[in-house]
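Q: Straight out of TrEMBL:
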{"type": "ACT_SITE", "residues": "B:C86", "note": "active site, nucleophile"}
{"type": "ACT_SITE", "residues": "B:H203", "note": "active site"}
{"type": "ACT_SITE", "residues": "B:E205", "note": "active site"}
Amino acid sequence: MSTNQFNSTPITPELVKEHGLNEEEYKLVLEIMGREPNINELGIFSVMWSEHCSYKSSKKWLKTLPTKADWVIQGPGENAGVIDIGDGQAAIFKMESHNHPSFIEPYQGAATGVGGIMRDVFTMGARPIANLNALRFGAPEHPKTRHLLSGVVEGIGGYGNCMGVPTIGGETNFHASYNGNILVNAMTVGLADTDNIFYSAAAGIGNPVVYVGSKTGRDGIHGATMASAEFDDDSDEKRPTVQVGDPFTEKLLLEACLELMATDMIVAIQDMGAAGLTSSSFEMASKGGVGVELWLDKVPMREEGMTPYELMLSESQERMLMVLKPGCEEAAKAIFDKWELDFAVIGTLTDTKRMVLKWHGELAGDLPIDPLAEASPEYDRPWEETPKQDRIDPASLSGKVDHIDALKTLIASPDLASRRWIWEQYDHLVMGNTIVRPGGDAGVVRVSGTNKGIAATTDCTPRYVMADPVEGGKQAVAEAYRNLIATGAKPLAITDNMNFGNPERPRIMGQFVGACKGIADACITLEFPVVSGNVSLYNETNGEGIMPTPAIGGVGVISDLAHHATIGLKAGEGALVMIGAATGELGQSLYLKTIEGREEGAPPPVDLNAEKRAGTLVRELIELGAVKTCHDIADGGLLVTVAEMCMAGKIGADVSLPEQGSEAAWLFGEDQGRYVIATSDPDKVLNAAASANVAAVIVGQIGGDAISIEGDAKVSVSDLRDLNEGWMPSFMADAT
Amino acid sequence: MKSAVILFPGINRENDAIAALKQATGTQPTLVWHGETELPNVDIIMVPGGFSYGDYLRCGAMAAKSPIMRAVADRASQGVTILGVCNGFQILTEAGLLPGALMRNASLKFICKNTHLKIENTTTRFTNQYGKGDVVDYPVAHHDGNYFADEDTLNRLEGEGRVVLRYCDANGAVDTETNLNGSQRNIAGIINEAGNVLGMMPHPENAIDPLHGGIDGRGLFKSMVEAVS
């Protein structure tokens with residue numbers, strides 16, 4: 001070996017520990033290398049085997065998720081998932097977390113999260129056409145919450161708005177369990193032609209390895225390792241590991257890549273995300289079964305005096321690695337010159353199946369590719385099942401709050417208050433194809449030049465997952481399904497973003513295992529496979545973990561936008577019909593929490609077969625043009641759902657009470673698998689439901705300018721709207 | 001009827017502009033790259049919205065110095081109809097084709113929502129399809145739409161009927177309450193002295209299809225077509 005120059009740094013046990021490798025793992029490093037690694041090689045093992053890059057705690061369980069359907073073109077394992085949406089077109093999408101960096105530096109953390117997920121999508125040849133996000137913050141009263149919320153929202157807007165991709169949906173929760181670990185999950189949906197999708201497997205010995213985009217700086221070094229550890233009180237010191245985003249450069253990179261992709265010059269392409277050049281080069285080589293020689297001194301550098309170690313580990317943004325067909329270098333470079341982006345040939349493919357790093361002609365590292373990329377550790381971590389909780393008996397309610405007062409309180413609570421303050425900071429209209437804007441069940445964008453729509457949503461109810469990971473996992477998938485159905489879309493596939501605490505604790509690992517089981521069950525019954533995803537573990541601070549949050553991003557297709565539904569009531573629609581059965585499940589409901597002050601009980605169970613029948617019925621009614629107004633029943637239950645439909649349509653409604661049983665459980669229970677639709681022909685809906693073996697009942701009548709319960713106890717729609725719209729602006733204005 | 005859309009690096013509403021022009025003119029507009037020095041022979045030129053050069057200096061300042069802007073200025077002086085929307089408005093003010101400047105929104109936040117606008121002058125080549133005092137509904141999507149000019153300039157603009165659009169409510173009330181972004185005198189759009197260049201912050205090109213939730217924007221494009229044909 002002639003790696004002497006880089007052997008000057010002694011590899012001490014402390015240094016190994018600083019690189020996040022435990023003793024067992026380092027033993028494996030020595031075995032694979034057959035010698036002591038140098039510092040560059042140690043750094044590479046460190047990031048490649050970080051939880052973030054290797055999925056070492058989670059992959060045993062991720063493998064159990066269903067990933068196949070006739071319309072799935074590419075499941076998990078590539079930069080993003082790909083589904084066929086007909087007419088020779090594909091939707092390419094994924095959701096990814098940027099939790100740790102966003103807590104440390106909210107603007108840049110969130111911005112680069114958005115930038116990273118868009119790169120994952122356009123790397124595959126798709127133009128991004130919609131962004132969404134799933135955000136979790138600490139309790140509203142926590143001193144950091146406003147600062148983090150404001151920074152994250154500005155960061156998401158700052159990046160997405162500049163890129164010219166509409167942000168059409170998302171969700172935001174507040175809970176004390178996120179006080180020390182916020183969650184920022186960003187999702188992008190792109191559109192490509194099915195015959196022009198790009199993959200990452202390198203091929204062609206001797207083909208040039210090309211670097212394009214921004215120059216490499218010292219930002220984000222060890223970001224992946226940072227994202228694989230718990231926080232403590234000194235986490236602010238990790239600020240330098242957060243990357244800095246440049247959306248303008250990414251916009252140029254997007255246009256340049258799509259221009260190059262319209263030619264026939266690319267063999268393989270991969271974005272440089274977590275673990276930068278290391279991860280992208282190893283993944284491309286490993287998938288293609290080839291070796292790579294990299295000339296690190298040729299990498300475009302932002303700063304002087306950068307070392308091979310820094311170049312391999314930097315997470316500078318807005319960069320791509322490509323393998324080109326031989327002889328295409330000049331023509332490809334001309335495109336990047338036009339967009340004023342760096343373009344450098346930094347290596348070549350070899351037949352050695354090794355990664356050889358050169359620095360001004362000298363050897364700086366030499367590692368086998370497959371053992372690193374594929375033989376990374378896989379743990380079967382011990383796990384404990386979450387103890388089941390009892391169903392809440394409605395008789396245990398204090399019942400001291402009047403129903404309309406409870407509605408007013410709920411609708412203005414942090415859990416249910418309007419998120420308009422957030423989504424009006426996102427350009428949700430650019431591209432001119434936004435058909436259903438944020439604030440409804442799912443966002444819908446038109447496929448340009450057609451009358452087809454793509455619906456997308458993000459969903460999870462962490463308090464259900466906490467109480468029962470299996471039912472909660474099912475519910476997250478079912479709610480995404482329901483939100484797509486409610487717009488009239490056929491749900492096609494999901495991306496999952498698994499946010500959990502420290503998997504080394506059996507209780508947390510049990511949450512992960514349970515959620516995977518629930519997700520898998522729901523995906524199978526609903527024919528709604530997982531095509532991409534991301535895992536974020538170690539969301540803990542000083543030993544306190546977050547609520548388990550497997551965020552689900554769902555995508556569906558509306559075949560004819562002339563027939564789609566929105567949540568706002570429309571004049572002339574007489575009756576409100578509830579689709580789906582209710583037994584009054586109050587466990588973990590917002591009513592129980594907000595009105596009764598109890599966070600407990602079994603969450604509402606999900607009957608997947610009933611879910612499928614109800615969903616199919618509702619979608620068919622919308623497709624037939626029989627229903628224009630539909631809203632799924634979720635947080636807050638029936639009365640909150642009707643109130644949201646009234647507020648969106650600025651029309652009142654009268655809601656009926658059940659003949660028997662608890663009124664509160666009927667009005668505020670969160671039973672799953674339900675929708676409210678408004679119709680001028682309720683008999684038609686009830687008959688269709690009866691023949692589809694779906695429960696359906698008239699629950700109210702539309703009209704007037706107030707919401708009432710059996711003619712009594714009114715609140716005007718405009719007063720309710722003021723309450724609903726008022727909370728977040730006044731909360732954010734109180735920032736000190 | 002021929003039209004051109006200018007493309008600067010970082011512009012992102014060029015396809016929205018193309019869709020609206022195509023709908024109004026019946027022909028596909030020509031996309032012109034910022035590095036060009038010559039424009040094709042066209043009746044309408046549109047400078048679309050986005051983030052030219054990332055808005056990293058002042059919004060529009062870099063794009064205003066692009067080679068193509070000399071050609072745009074020449075056409076402006078020849079009387080060609082020129083529409084600048086959002087970043088396009090900012091670029092036209094930075095290029096000196098329109099007076100004033102667009103500052104950061106008074107809220108200091110990006111604003112994306114629909115807003116009502118009062119058509120103050122229906123005799124322009126951009127608004128001849130609307131009635132005097134009409135209230136229209138277009139979306140806005142900007143961070144820097146807060147129009148500023150000195151008092152003399154504002155008085156002159158008002159006196160010459162060059163304030164074309166103002167932020168208002170559904171009833172046409174123009175006041176502080178309905179001032180979306182802090183603009184002087186609620187100004188949302190102005191024309192140049194010769195009346196052939198309009199700069200505006202709202203996006204008529206995103207209100208041309210019933211599926212957008214409204215088609216009020218069509219009138220503005222139709223006006224240009226009527227005026228030049």
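Here the Cβ of each residue, glycine as well, is placed from N, Cα and C on the backbone.
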Q: Counting across all protein chains shown, how many other Cβ atoms sit within 10 Å of the Cβ of B:H203 (active site)?
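A: Result for B:H203 (active site): 29 neighbouring Cβ atoms inside 10 Å.
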Q: Measuring Cα to Cα, how many Å separate B:C86 (active site, nucleophile) from B:H203 (active site)?
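A: With distance taken Cα to Cα, B:H203 (active site) is 7 Å from B:C86 (active site, nucleophile).
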Q: Including all protein chains displayed, how many Cβ atoms other than that of the residue listed as 'active site, nucleophile' lie within 10 Å of its Cβ?
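A: Its Cβ shell of radius 10 Å holds 30 other Cβ atoms.
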Q: Is B:C86 (active site, nucleophile) helix, strand or coil when read with DSSP?
A: coil
Q: Long-range neighbours only, meaning 6 or more apart in sequence with Cβ under 8 Å: which ones does B:E205 (active site) have?
A: B:R13, B:D16, B:A17, B:A19, B:A20, B:P48, B:V85, B:G217, B:F221
Q: Going by DSSP, is B:E205 (active site) part of a helix, a strand, or coil?
A: helix
